[in-house]
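Engineer: According to Swiss-Prot, the feature disulfide bond maps to 25-90, 37-102, 61-83. Residues or ranges marked as domain 'SARS ORF8 Ig-like' in Swiss-Prot (evidence: sequence analysis): 19-121. As annotated by Swiss-Prot, signal peptide applies to 1-15, with the evidence given as sequence analysis.
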């Protein structure tokens, strides 16, 4: 029984580590986010609205890689400054959470999502 509990805790820590990135930034200052995707992977940034796995994802950048530009939404204000690399105003997302989608393929057919949590200093 104890072994099962220990295994469950280890699995939880491992899963949390792989699906979440915690980064520190100065509040209301421009901040270049460290991309948690592995090297040679494509990354696409979103705001996830809602807590469910099937929650709506709102894309932060558009265009082809090498020429991506921010999409400005009225509800987010000027949250996104630039896209390559992603630079934001260091603040909690106005709604939802910040998500990066990582994929080895350009078309993102197979991907995994990583939640980025900002710790304000």
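Backbone N, Cα and C atoms are what each Cβ position is placed from, and that goes for glycine too.
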Engineer: Around residue 90 (disulfide bond), how many other CB atoms lie within 10 A of its CB?
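Structural biologist: So the number of other Cβ atoms within 10 Å of residue 90 (disulfide bond) is 21.
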Engineer: May I ask you to report the DSSP-based helix, strand or coil state of residue 102 (disulfide bond)?
Structural biologist: strand
Engineer: Please give me the CB contact count at 10 A for residue 37 (disulfide bond), counting all chains in the structure.
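Structural biologist: So the number of other Cβ atoms within 10 Å of residue 37 (disulfide bond) is 18.
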Engineer: Quick check: in three-state DSSP terms, what is residue 90 (disulfide bond)?
Structural biologist: coil
Engineer: Over all shown protein chains, what is the count of other CB atoms within 10 A of the CB belonging to residue 102 (disulfide bond)?
Structural biologist: 18
Engineer: Do you know offhand how many angstrom separate residue 37 (disulfide bond) and residue 90 (disulfide bond) by C-alpha?
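Structural biologist: One finds 20 Å between the Cα atoms of these residues.
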Engineer: Under 8 Å Cβ-Cβ from residue 83 (disulfide bond), six or more apart in the same chain: what's there?
Structural biologist: 45, 60, 61, 63, 68, 69, 70
Engineer: Count the Cβ atoms, other than its own, that fall within 10 Å of the Cβ of residue 61 (disulfide bond), considering every protein chain shown.
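Structural biologist: Residue 61 (disulfide bond) is surrounded by 18 other Cβ atoms within 10 Å.
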Engineer: Near residue 25 (disulfide bond), which residues of its chain come within a Cβ-Cβ distance under 8 Å, counting only those 6 or more away in sequence?
Structural biologist: 31, 90, 118, 119, 120, 121
Engineer: Give the helix, strand or coil assignment DSSP yields for residue 61 (disulfide bond).
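Structural biologist: Going by the DSSP assignment, residue 61 (disulfide bond) falls within a strand, counted as strand.
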